[in-house]
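Asker: The feature transmembrane segment is assigned by TrEMBL to B:6-33, B:45-62, B:68-87, B:99-116, B:136-160, B:192-214, B:226-251, B:258-278.
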Amino acid sequence: MKRHCLAAAIAVLASGGARSETLLLGVNATLSGGGAIWGEGMLGAARAMADRVNEGGGVKIGDKTYTIDLKVYDDRYRPQDAVTAMDRLINDDGVKVVVGPMGSASTVATQARSTEAKVITLTMGFTPKAIGSALPYAFRPTITTTEFTGPQLAWVGAKLSPKRVRALLPNDETGQSVGASQKEAYKAIGVDLQLDFFDRERVDFVPVLTRILSQSDVLEIGGNSPTTAGLIIKQARELGYKGPILVTGGDVTAELVKVSGKQAAEGTYVHLPLDSGYAETAGYIRDFEAKYRKPVNGHNAFSFAGLQMLLEAMKRAGSVSDTTRIAAELEKVSAFPTIVGKAGWTGRERYGIDHQIDVPFYIGQIRDGVAVKVATCSYKSCE
Amino acid sequence: MGLGTVVAQTIVNGLMVGMIYVLMAIGFTLVFGIMRIVNFAHGEFYMIGAFVFAIVFDSLGVPVAVSILAAVIVVGLSGVVVERAIFRPFTGDELNGMIASLGLALILQNGALLVLGPSPRSVPAIVDGTVSMAGLVFSLSRMTVIGVGAVAILALYLLVVHTQFGRAMRAVAQDPEIALVQGIRPERVYPIAFALGVALAALAGALMAPVLSVSPFIGLTPTLKAFIVVVIGGLGSIPGAVLGGLLLGLIESAAGTFLSAVVADIAQFVIVIAVVLLRPWGLLGKKEREA
């Protein structure tokens, strides 16, 4: 018996086959402060992918099998902290792939470092500057306002025929870029969108709502954090506003309803990045929530989908470190089955590079606290 | 909506926000006036008060008045412990006391994040619905904040001006050594004064929980506002905190309604700078005698 065990041990050591290598995955996202809900979603996706790979015995890339180890940093929604985190990921940890950065300002602030170090980033930054021909290693596996606002508003315009629309947005990089794209999209449906900005830390919107609600027949609050959007809805309804509210922004429904309450949120139109009726999406949500006891939001699901595509690209490139080859293979991934549907990359026309995820998205209406799908959209139109 | 209606609405909005600023600032200035500690963890007691209220009122279904009382008592008692364990050694030591309070703020906020998670939670309104009068729409929940806040301020006024303990607090605030000569033991006044200060923050948190929402991050803005208010009103002055809080609430409301939210945020700092330049001791503060 002893002889058999010894022989087996020698065979394993000699082959080296059972010993797995480590694939380091960086996470640079907001894990505290106002944007923590989104950052926790991104971290949750990275953790879910790591657990899935590690529990399955690793992922085979080239002739080696890799398990995933996470290196996690909190940027506290501050660009300077995101830069520090990126520096540590690149220089101290030697990471080649980063889930993040999350916010637009953090994304822009870290670009020079990640590009110079040839680090692949899966950013959630909504700014149009997040990806581009000068950023060959930056990919965006989420649908941004720039992509969905046009088709979504064309659908809303046909349904509600709004004349006067006011938007409330934070006065930072995210708010300004979202406002600019919203204004352009509303112009396309014949509406001159009026923008009102506020400091991101603001929680009392009653003064500004008192002024603008009487001057609008539709209130647009896309581009705000779920907490802020929920507060605005709650306070607008308290002031007796009964008109439609649009949240032409990221996936905010669950957190928004938590803040505003079901009654105030009823009827609100929201961007719905996930179709919970799609089997793979439903399965992922069910498994994630059962295992981690946390809800799945858009940042979580899209980060996970981005990682699915990235691992496929690594397999095709046969490397976890040659990021130039991985980026080239990632760009070629098309109609790939992910948890959010068959995904590929687009964006050359708008950004000069095909690094923007291409998947269907949806318009939902909140009914009894849940977003119900009312339209299915591509980047061209909603039906 | 006519101009008169908008103005009236603006005043009510300003009074509600101002009332919360007053409750926050009184606690902040009370602790400074008596212990000479700038408590930057003050907003975290607001956050804890809001959470205690949310759990007791929403999750346990306890009546609203008892829930508010629970928030005030839990935070007040924790204030006694915090004063004894953390702040007592720094009494009179403004710089180190301030650093300790910053550390405490981080511990409390991140502790809440670990225990309660980052997700905000909604708390049902204390009083449902709105009241309409001559074109004005007021949320009953917000009107309740004004009412309860006013009662709390009146009660505090009576305590400070007309009770033996209130006189003892004022004596310690004016000069702890002279107070000691008069038979007042400052070390007995400190924990109660600190508890009273943070209990007021908890009351503000409990009142605002149903109006806004509750999360581990809600304490930062009230701390900043309390600081602005006491700079305007005069550090250590309770009447100054009342005047400064209501003034700030009304200015914010008016600027936000008639100009923009960004201008409202700028306006408050312009006022702070003007006060610091023209009247550094605040509107109702006492000018320190030069040596």
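Every residue, even glycine, has its Cβ placed from backbone N, Cα and C.
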Asker: Could you tell me whether the transmembrane segment (B:192-214) and the transmembrane segment (B:68-87) are in contact, taking contact to mean 3+ Cβ pairs under 8 Å with a sequence separation of 6 or more?
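Answerer: Stretch pair touches.
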Asker: With pairs fewer than 6 apart in sequence excluded, do the transmembrane segment (B:192-214) and the transmembrane segment (B:6-33) have three or more C-beta pairs that lie under 8 Å?
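Answerer: As far as Cβ distances go (cut-off 8 Å, pairs 6 or more apart), the transmembrane segment (B:6-33) and the transmembrane segment (B:192-214) touch.
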Asker: Can you say which of B:99-116, B:136-160, B:192-214, B:226-251 has the most Cβ pairs under 8 Å with the transmembrane segment (B:45-62)?
Answerer: B:192-214
Asker: I need to check the long-range neighbours of the transmembrane segment (B:136-160): which residues 6 or more away from its ends have a CB within less than 8 Å of a CB in the stretch?
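Answerer: Residues 5, 8-9, 12-13, 15-16, 19-20, 22-23, 26, 68, 125-130, 166, 169-170, 196, 200, 203-204, 207-208, 210-211, 238, 242 contact the transmembrane segment (B:136-160) from elsewhere in the chain.
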Asker: Go through the chain and flag residues at least 6 beyond the ends of the transmembrane segment (B:99-116) whose CB is under 8 A from any CB in it; none is fine as an answer.
Answerer: 37-45, 47-48, 51, 82, 86-87, 90, 216-217, 219, 223
